[in-house]
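Copied over from TrEMBL, here are the features:
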- 12-31: transmembrane segment (TRANSMEM)
- 90-110: transmembrane segment (TRANSMEM)
- 130-156: transmembrane segment (TRANSMEM)
- 177-204: transmembrane segment (TRANSMEM)
- 319-340: transmembrane segment (TRANSMEM)
- 360-378: transmembrane segment (TRANSMEM)
- 398-416: transmembrane segment (TRANSMEM)
- 443-467: transmembrane segment (TRANSMEM)
- 538-560: transmembrane segment (TRANSMEM)
- 566-584: transmembrane segment (TRANSMEM)
- 643-665: transmembrane segment (TRANSMEM)
- 734-758: transmembrane segment (TRANSMEM)
Amino acid sequence: MGLMSESLTQILIPVAALVGIGFSLVQWFLVSKVKVSSGIGLENGYKDRLIEEDEQEEGIDSDEAVAKCAEIQNAISVGATSFLFTQYKYLGIFMVVFGGIIFLFLGSVKGFSTKSEPCTYNKGNLCKPALANAIFSTIAFLLGSVTSVLSGFLGMKIATYANARTTLEARKGVGKAFITAFRSGAVMGFLLAANGLLVLYVSINLFKLYYGDDWEGLYESITGYGLGGSSMALFGRVGGGIYTKAADVGADLVGKVERNIPEDDPRNPAVIADNVGDNVGDIAGMGSDLFGSYAESSCAALFVASISSFGISHDFSAMSYPLIISSMGIVVCLITTLFATDLFEIKNVSEIEPTLKRQLLISTVLMTAGIAMVSFFALPSEFTIYNFGADKAVKNWHLFFCVSIGLWAGLVIGYTTEYYTSNAYSPVQDVADSCRTGAATNVIFGLALGYKSVIIPIFAIAVAIYVSFSLAAMYGIAVAALGMLSTIATGLAIDAYGPISDNAGGIAEMAGMSHSIRERTDALDAAGNTTAAIGKGFAIGSAALVSLALFGAFVSRAGIKTVDVLTPKVFIGLIVGAMLPYWFSAMTMKSVGSAALKMVEEVRRQFNTIPGLMEGRAKPDYATCVKISTDASLKEMIPPGALVLLSPLIAGTFFGVETLAGVLAGSLVSGVQVAISASNTGGAWDNAKKYIEAGASEHARSLGPKGSDAHKAAVIGDTVGDPLKDTSGPSLNILIKLMAVESLVFAPFFAAHGGLLFKWL
């Protein structure tokens, strides 16, 4: 036994989760102190009069600007909420149908019998019937789905609440605006980490009431939680991604390239849809996505542990090791957040990115110490881990190394991504430089940058896999993935910060705020592009480790001793699996393209038919553009979603578990490459455009002001990159892990009844 008693574990986990929720509410309260209603700001007298002088010169009355901000914020919030509610109606139907499929498939393993049966691994004992597994997996699936949807929705609510507040704070200086945006990001990060932990913890304890000593069955049914989390994330990511990019591409092509009006100009009919899109795609989608990764890595670790000595000897503290690590992560991130908001103040624009980078470093260093403590106290000094039929002897410090290497691999991926997508470094500057000869060279350089940016992250993932597998078999990989996600609260805070700043810039432009404010929000936004890319890097890296862990759990559960690449059954799976990410990307890219086409036509139509629109005398019809985006995304999210969800079912049912193992390995290996390169290419193009627009260096100024040829070439690159970085790239990591977790949940069925084709032949 470890040094922690069961009762202590039972207290610590929920306490950490509640602390996380409490902290996020405090941050939310601090953000809410910024008032968005006209007339209040000036009564505080002296302090607020110090708001920028130049604003008065440009003749913008402060009250008027505040009222305008409030109005725009309201429009964005209403748009995002109504879209998500419509999307959730469809997802609700999906949840019921897919829940039914899980129940039927798993219940039919033993013909819906209610008799106890011998355990799969612990042969001598009796375990609960397969029917119970079917019922509880379905419940876990529904719980995971609801938590995932909730994570996304709450994040969106916070972001639409904070965007105008960030704009208004920018009048007082860049530091104040940064803190507002960052705090709101933290609200989302902590709510998500704490909610995910709490619901999982409560579910385990409730399921225990029925399962009693049958831990094997208990943790097998808990894997449904991860499946629910990720299936919702898939639709959220794809639907949100199509929504945001259709609007963004449409707005950019007509507004910037054809009409020469700035980004987020209120005359552009697609601007509201574009700003709504940032919230439903980048925030709600990202929230569900990282929640899914988190749920699955916990489920994979718990499942492998339940068939190892922890589960067999019923050592609850050691069994809960993944949950205790997440609890520790919440505490560590809480301390880390204070560094950004309270201990150091940002005085000028150049400090924004270093501060965000420092967040990653601080949380990683502190977490390493935290993991050491947890590994020492929660684990027995020696134990065995299930390793494909054999038992592997492992010591507690081995697991410390497994979790830490995942954590540090995450940092390496984050920093590499930052290097390739931030306009402070040469890769993006080279891409910007290539714009002087037009869009074609920009596209060539950008693609090359994306492919090159894959190298270091892949080596980092490879080292993490090798070390953790050598030390603790599949359990090692599962906890390495958990290590990468243990600082999820901080990772999400710096990630959600991006879209919030992006929206703040849009509101500043639409409300007609002065130039200096727009410059500040642009600086916040450029850093936000980079942090969003870092967040995607984390999501992809963790997805690779998570799906490998789930793959291991699936192979164990399906009773396969080895997966032999040279057998034709496996090889055909491998090559088809490697093709799936391309098929999936083709679907999502084409959806964005066709939706953007409709959007461009609508925006052009409005510019041509509404008299006085260009002169600013008439208002554009925003609602039609919002409707185009909504309809397109709801219709177009179904085929890619079906592809991901049906592939494992078809492969497992008709071709059997070996072929399915090949499909999973293939999709993992090719999906990671495509995802990283797509995300980084898009991020680099976006920041190359920002680099030229900001004109902060001699080199940037030589490429011209907004509207120059080089700038137009950069805008085209940015527009091509949009669906890559916000639709295809980030959705691919969900494809990788969703297929793996689905195979694990359905493994009992595939093992019993799968491979129909080969049986007939």
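Placed from the backbone N, Cα and C atoms, the Cβ positions cover glycine too.
Outside the transmembrane segment (360-378), and at least 6 residues removed from its termini, the chain residues within Cβ reach (under 8 Å) are 2-4, 9, 317-318, 320-321, 324-325, 328-329, 331-333, 335-336, 339, 396-397, 399-400, 403-404, 407-408, 410-411, 414-415, 483, 486-487, 490-491, 494, 534. With Cβ pairs under 8 Å as the measure, the transmembrane segment (319-340) is packed most heavily against 12-31, out of 12-31, 90-110, 538-560, 566-584, 734-758.
When each of 177-204, 566-584, 643-665 is scored by its Cβ pairs under 8 Å to the transmembrane segment (12-31), the top-ranked stretch turns out to be 177-204. The transmembrane segment (538-560) and the transmembrane segment (643-665) are in contact, since at least 3 Cβ pairs between them lie under 8 Å (pairs 6 or more apart in sequence). Remark: the transmembrane segment (734-758) makes no contact with the transmembrane segment (177-204), by the rule of 3 or more CB pairs under 8 A. The list of residues near the transmembrane segment (398-416) in space but at least 6 beyond its ends in sequence, with Cβ under 8 angstroms from a Cβ of it, reads 321, 325, 357, 360-361, 364, 367-368, 371-372, 375-376, 379, 453, 456-457, 460-461, 463-464, 467-468, 471-472, 475-477, 479-487, 491, 534, 537-538, 540-542, 545.
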